[in-house]
């Protein structure tokens, strides 16, 4: 079984979009990656329209099973976070129009899934994305690699291939995947409900 995930790193000036196919054994293959760009001098509504049109074209062309978007979090630059939130809304709308499920993942979730470390830097994420996808180097700019990381994160954490039932063996996984699977197993074991004393 293979799942196709379209990952989005939302941004108004540069919106990264990456599409990956991920098998039940968690092996991932690059399908497409691009960055939708809009100039700062363009009217806001035109920029959002351009990003939305680009996302919709990719959704229709590649037919993903699910869309994964990086969750907006607090930033010092209010203008940047507003643009990111607006693009996220456009992406959510585009997916909803097509009846596609959407998942939101925090930056630390994405880093942990791809590198095994939730505080990894951008270079570490890019290096692991290239390794996971079997690429000679990470796609540039960073927004492109980030979009792929978001897609991979969802397939491994939230998608059907995140379950152990996929039939993959630990020996087929990268070290980061093995660490993540071990953490998942540990959390399932330790998450058994406990009766509270009254």
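From the backbone N, Cα and C atoms, a Cβ is placed for every residue, glycine too.
Values in this document were obtained by computation on a predicted structure and should not be read as measured data.
Taken from TrEMBL, the feature active site covers 9 (among others). Other C-beta atoms found within 10 angstroms of the C-beta of residue 9 (active site) number 26, with every protein chain shown included.
Under the three-state DSSP scheme, residue 9 (active site) falls in the strand class. Here TrEMBL flags 9, 143 as Mg(2+) 1 binding site.
Residues or ranges marked as active site by TrEMBL: 70 (among others). The Cβ neighbour count for residue 70 (active site), using a 10 Å radius over every protein chain in view, is 25.
DSSP assigns residue 70 (active site) to a strand in the three-state reduction. As annotated by TrEMBL, Mg(2+) 2 binding site applies to 70.
Residues or ranges marked as active site in TrEMBL: 143 (among others). In sequence order, 9, 11, 14, 15, 16, 35 constitute the residues six or more apart from residue 143 (Mg(2+) 1 binding site) in its chain with CB-CB distances below 8 Å.
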